Every structure is written in structure tokens, then in C-alpha cells.
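Following: one structure in C-alpha cells, then a few remarks.
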């Protein structure tokens, strides 16, 4: 007998081995028609997988969320590769995974693909869907698989398979005349893919991601379960392009970047004003929550990174220097080992804990040129970093306090939709399994006490401990991982951090690594795109522009400017001999939230015309009233 336990706890008994499709049919014809794949004891498998033992099973349909989408997109990559091989037989296939919101496949061919080619490939994909080709898994001996692909002129596939141990069976998937190396799972047929897909763009990619290898051609695409979802995604992309922080950064004169300092940011006056507004806000928040702000060195002897374990995990991302006296230094990629050095100065008592140590720490990490993206992916960045040294008994209370602070900060910046991931132990880690068991248990219990609903993010913890990842959803539905909280029993041990416990014994503190923004640069990029440059008044680099209609109003305009500045507002004065409509357009492009327009009549009556960004209307009010209203609006959150 084979006992199949379903997600609702019901058990179905079979007197013979069955496939996932058999189980779906046994439940009902509607489910059998909708079924795409199955999970067996949590692992996704093909619908045709034969089950000959007792298992926990769930059936994947189009309504199964991200698992179903990843399955669909993986199949879209294979169907695209099949279409390319039919249209351009001389092309060699390499790899084609699903990725966030889509898929890609890398191809090797002498002639570059063109946008016209993408249209042809997309049309052929639709034909393959109409053919309803069965997708079946086959297991081959490794050497036979290598020979098959070599004979087919597919040297890249042959190279991948040749790197697999000789005694390991190779999984291949066949659809029509197309055969590809793949772990699976896949849909049961090409018809299940549907036609809510689109090929998006072309790009270059090195074979195996190594710049010493051949350059391949990558085709990106997206796939969804229905056209409505596809259209919504394409609309979001259009909106995202309008909000691109790189374009708005230029238009608003916030920052620029150039090749001579790749991965770094040249902050212009307005951009630096925005940066400092965020920094000042965060500093007030930290002070109100009893954090000690510190500053640690940029250059630190490499031996500290070896002692901490970072050298083993991050050496390829670190900028290092050999000095004239043969010292090996590293520009710090993170702040945590340096904070431990401050903690170790002097004797610490249990009465000193929790000790909350914060730093707006400048860090540097090497990123490949192709991975750099505006100010969101850089090599030089500043973290809103803090480390809480506490006892094991204080983990829960400190987690609750941090989560409350994080929620308040995100709300003040306009983010109310926040999801939380729990990232457990990675394969490559420091510390014993016992230490990790304790750390994971402590963080899970603390997150529950803080009222958090977490989703497991397996294997994505830091090398020294598990972590919570806080993911913001922006105005157009995109997710951004920003905040983190990590429980660390390892680093205090490695770097010999200790405190005197109540019984006089020497004990290791627990170290909570936490950040809210992540990095200032990336968070500012997110803010620019979330608000499309239309910042709330308290954040706007220039909060008010005072613009004249006629030169007779210049003196009054200067008085308005001075009065606003005295009230703490960031003001620009525009006395140029230009038409007011021209001035309005120019300052609208710069996303200035408020314009105060003054002409001869306003100067005589000591009034101003308030014109807000995006509105065609203006309100005539007395100067004192305007200043009071705007000063209140521009006051940063407490």
C-alpha cells in the first residue's frame, strides 16, 4: 500500500505505485486538468513522478504562487531554446534558468540576435505551445549524454555534463525534437505554458560568468499565467522606467557617476542635502532609542578579518593594500569586527548590557562592472549599521524593540507593506551545529514574540548566524530587501568579546547585527523611485522656490526667501527675467514640491500664491500664513 498524505491532512491509499497525475485524478477531474507538478515531502517533482512509498504530497497548480511561476518560467526558457534551435540551427544552447519575474537563456552563435529575431522567436514559441508537445524526463549515463551533445555540436552542454561524476545519472528533458540537460521539474506539456509571455531584451554574458571565456548572447523574457498579469507587469516596467533613479538623479541634479570612480557616487548639492536629511532623521531615531554612535577606521590590518572569519568568506570582495613596511591592510567591507574592538576596550559588566552601538559606516566591496547599477549597486557605500551586545535573555526584548523602531522608520518614509523572511544556516558557515541550533531557535522565538509573520528563506543566513530580512513593497509593487536582524554567537567567540556576568563569571555576549535602511545609497535610490522624485516636503532637497513674475516684486521675493529660511525651510530664489510658465515648467521637472509666486499685486498686499507640484491651482494667502503652514509641513517626523 502507498499512503499519500495531502496538505489538509487527509490520506489517500493506493494498492500500487502511482504518479502525481494519478493522485490528482483520484481527487477530481478539475484538479487533474489544472495540475502542473507536485511536491513530495516538500521537494517539487514532475507530475509524472512515480510514487512507491508513503509521502506527504501537494499538487502545484497555477494558483500555487511563486513555486508555480518559477516552474512556468523555467519551461518558458526551454521553449525559447527550442524555438531558437528551430529558427537558427547553427546556434548552440548553454543554460537557461528562471529568475525573478522571468527567465533567460544564453546562446552561442556567430551572428548577433536582433530585435526582429526576438519577434520571430516569440512567434515560434507560440507555435510550440500550440503543438502541445509532451515534456518527458529521461535518465542517461553520463558518457552517453556527453557523446550525444558532442555529436549534436553542442560543446557547452557537453562540457557541463563532462564535469559531472561519471557514475551519476544525467537528467535530460525531451519536448518534440528538443532535448536539454535539466534537473527539472517541468510542466507536463508545452501547452501548459500558455501564451502570456514576452521576450524583453538582449544582453551579453560570459560563459560560466568568467570574463576570460567567450561572450554569449542572452535573451531575457517574462512569463505569467494569464495576459492580465503580463500586461500589469509590462505596465509596471513602463512606470519603473519613468521613475528610474539614474534619470531622475540627473534631472533633479542630485548626483552623477563616472567611469573614473566606477561604483561610487558624486553627490551634488541637492543630492547631499537629501542624504543629510535622511542621515539626520536616522540619527535622531537612534539617539531616542539609546544607541551610542561611534566611528571606526577605514583601513584595518588584514589579520582582524582573518580572525573574524570574513577573510575566508569575503576576500574576493575586499580591497586590500600592501604598505611600504609590508603590512597587509584591507578597506573595511563591513563594520562588525571594528565594533567588537570598541566593546573589548575596558571591562564590561552585565549592567552595561544591552549596549547598542551604531555607526554610519563607510564600507567598500568589489562588485563586477556588469553588476553595478546606479546608486543601488555600488562599491562604496554607507551602512546604517548597529550592533547590539546583549545577554541571551535579552534577545527577545531587543528584537521586539528593534522591530518597533524599524516599523516606525519605514512608516515615516512611506512604506507600510513590509514582509519578513527568516534566513537559516547556509552551507558555508562558521560555528557548530549546536551553536546554530541555539541561534535559530532564539531568533525564531524572538520574531514570534515581536508579532512577526515570517517566510522561510532556506540557506540564506549570514555565515555567522541566522537573520531576519525585511522586504519593502514600493508604490508600483516592487519588493526591496532593506532591513536585517542577525543573531550571532560566533563573532564574540572568535574575537574574544566578553562581559562579567552577575555571578562574576566571564561570559560571551550575544551580538545582534541590525540595519534598517541597509545602505544609504541604495535606500535613497529606492526613495527616489518610490516617490518618482516627488518627495514629501520634509525630505525634498529644495522645499520651496520663490519665483517672481515681474522685477518690481524682487525686493518682496527676497523678503519671502529670508522669512522662509528663518523658519528653517530650504529655499531657492528665482528672479530671472523669464516668463512664469517657463519657471513653473523648469521647477516642476526638478520636482520642487512648492512654488511661491509673487508679482506686483502680491508684493503690494504682502501675499504669495502657493502652487504645489502637480497641481494647476494656486492659493493666495498672507505671507505669515504661508510660512506657518509650510514650516509645519516641512518638520521631519519625530
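Each residue's number is its place along the chain shown, starting with 1.
Here the Cβ of each residue, glycine as well, is placed from N, Cα and C on the backbone.
Remember, predicted model here, so these are calculated numbers, not experimental data.
Swiss-Prot has this to say about the protein:
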type	residues	note
BINDING	336, 387, 513	Zn(2+) binding site
DOMAIN	1-61	domain 'TGS'
REGION	244-536	region 'Catalytic'
* Asked: Which entry in the list of binding-site residues, 387, 513, has its Cβ near the fewest other Cβ atoms, using 10 Å as the limit?
  -> 513
* **Neighbours of 336, 387, 513 excl. site residues, C-beta within 8 Å of centre, Zn(2+)** => 334, 335, 339, 340, 385, 386, 486, 488, 491, 511, 512, 514
* Asked: Going by DSSP, is residue 513 (Zn(2+) binding site) part of a helix, a strand, or coil?
  -> strand
* Asked: So what's the mean pLDDT when you look at the domain 'TGS' (1-61)?
  -> 94
* Structure fact -> In the three-state DSSP scheme, residue 336 (Zn(2+) binding site) belongs to helix
* **DSSP-derived helix, strand and coil totals, residue by residue, for the domain 'TGS' (1-61)** => 14 helix, 26 strand, 21 coil
